[in-house]
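Undergrad: Just dropping this structure here.
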Amino acid sequence: MDSFRPHLAKVAGGLALDRAEARAAFDDLLSGEVTPVQAGAFLTALKVRGESVEEIVGAAEAMRARMTRVAAPENAVDVVGTGGDHSGSVNVSTLAAIVVAACGVPVAKHGNRAATSRSGAADVLAALGVRLGLDPAAQARCLDEAGLCFLFAQAHHPAMRHVAAVRSELPVRTIFNLLGPLSNPAGVGYQLFGVAQAALAEPLTRVLAELGSRRVWTVHGSDGLDEITVTGPTQVVALDEGRLCHFTIDPREFGLALRAPEELRGGDPADNARSLEAVLAGARNAYRDIAVLNAGAALVVAGAAQALADGVAQAQDAVDSGAARATLARLVRASNDHSNGQEGR
């Protein structure tokens with residue numbers, strides 16, 4: 001494709017694209033007109049040099065322009081991560097999203113099937129009975145009736161099919177592993193955003209600021225988790241209406257004991273679904289602790305809690321009262337009621 005060649009030449013020469021150039025390059029990639037050789041060379045060159053903030057912003061703009069959007073309340077929040085931590089943990093952000101919704105904050109949870117783990121958000125939700133791949137109208141109804149919807153990435157980003165084969169053949173993660181979490185189909189302005197590499201925390205927070213996010217906590221656990229961890233401290237880069245700050249979260253400050261990494265180990269989707277249901281039924285374990293800590297943070301990000309201690313307390317109450325369990329039941333019911341024969345589990 002002639003329009004793509006200058007962008008490929010620039011990146012292959014070790015130079016960075018500006019925002020407009022990056023958007024144009026990714027417009028071409030997502031159109032399906034770029035050859036597999038060109039796409040592979042471009043993505044690999046970006047990976048080797050390291051993507052700049054402007055390149056990621058431009059790429060995300062191209063991705064967002066092609067996504068299938070879902071209507072959501074202005075205060076909707078997402079709890080999402082880049083993945084790639086290879087921890088094999090339980091589904092933390094999925095349970096945290098359910099708890100946040102039970103606290104009265106609308107959650108548009110964006111996610112996909114597992115890539116580097118045994119159980120992604122889509123996998124565990126399907127095992128719990130949630131219908132996947134709903135159309136935007138059905139998703140909006142789930143959000144209205146359950147306070148929560150699951151935005152199945154492959155259903156909302158059809159243009160990704162044009163780079164799927166190239167990505168599967170490359171031996172490294174590419175910029176597209178970042179673009180999915182940055183491209184919530186509901187256009188949420190509030191995110192609890194996990195990264196598996198500490199070096200990505202500030203750049204991706206700046207990307208989200210450029211893309212219009214209002215309040216974000218980008219988190220990286222000391223154990224490598226793309227979550228707020230309970231095995232040690234977590235580094236946070238926070239965005240609040242254009243201003244960035246850095247701080248550390250220690251779970252012990254919120255009455256949560258430090259846990260061993262093995263206590264967060266998950267299994268296949270069925271195993272993780274049973275673990276999630278056990279927490280909602282009252283189990284007190286490491287999974288509950290990490291879920292309420294992350295849910296509490298999301299409540300602060302969404303403006304529903306003034307401080308993390310308050311957010312954690314709200315999250316604990318939502319679990320203990322049965323509200324979180326009822327929220328999951330409503331999501332299962334709503335997603336099946338409004339599926340209209342769309343993709344199953």
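Glycine residues also receive a Cβ, built from the backbone N, Cα and C atoms like all the rest.
Note that the structure is predicted; figures quoted are calculated from it, not measured.
According to Swiss-Prot, the protein has these features:
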BINDING   Gly81, 84-85, Ser89, 91-94, 109-117, Ala121  5-phospho-alpha-D-ribose 1-diphosphate binding site
BINDING   Gly81, Asn112  anthranilate 1 binding site
BINDING   Ser93, Glu227  Mg(2+) 1 binding site
BINDING   Arg167  anthranilate 2 binding site
BINDING   Asp226, Glu227  Mg(2+) 2 binding site
Undergrad: What subset of the binding-site residues Asn112, Arg167, Glu227 lies within 10 angstroms of Gly81 (5-phospho-alpha-D-ribose 1-diphosphate binding site), using C-alpha positions?
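TA: Of Asn112, Arg167, Glu227, within range: Glu227.
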Undergrad: If H, G and I count as helix, E and B as strand, and all else as coil, what does DSSP give for Glu227 (Mg(2+) 1 binding site)?
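TA: The three-state answer is coil.
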Undergrad: Which residues does Arg113 (5-phospho-alpha-D-ribose 1-diphosphate binding site) neighbour through Cβ under 8 Å, counting only same-chain ones at least six apart?
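TA: Long-range Cβ contacts: Gly120, Ala122, Asp123, Gln154.
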Undergrad: Which binding-site residues (Asn112, Arg167, Glu227) fall within 10 Å of Ser93 (5-phospho-alpha-D-ribose 1-diphosphate binding site) by Cα distance?
TA: Glu227
Undergrad: Measuring Cα to Cα, how many Å separate Asp226 (Mg(2+) 2 binding site) from His110 (5-phospho-alpha-D-ribose 1-diphosphate binding site)?
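TA: Roughly 15 Å, rounded to the nearest whole number.
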Undergrad: Starting from the Cβ of Ser89 (5-phospho-alpha-D-ribose 1-diphosphate binding site), draw a 10 Å sphere and report how many other Cβ atoms land inside it.
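TA: A count of 24.
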Undergrad: Using CB atoms and a 10 A radius, I'd like the single residue among the binding-site residues His110, Arg167 with the highest neighbour count.
TA: His110
Undergrad: Hey, how far is Glu227 (Mg(2+) 1 binding site) from Asn112 (anthranilate 1 binding site), Cα to Cα, in Å?
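TA: Between the Cα atoms of Glu227 (Mg(2+) 1 binding site) and Asn112 (anthranilate 1 binding site), the distance comes to 17 Å.
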Undergrad: Other than its own, how many Cβ atoms are within 10 Å of the Cβ belonging to Asp226 (Mg(2+) 2 binding site)?
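TA: Total other Cβ atoms inside 10 Å, all chains included: 26.
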Undergrad: Round to a whole number and give the Cα-to-Cα distance in Å for the pair His110 (5-phospho-alpha-D-ribose 1-diphosphate binding site) and the residue listed as 'anthranilate 2 binding site'.
TA: 20
Undergrad: Which residue, out of the binding-site residues Ser93, Asn112, shows the minimum number of other Cβ atoms inside 10 Å of its Cβ in this structure?
TA: Asn112
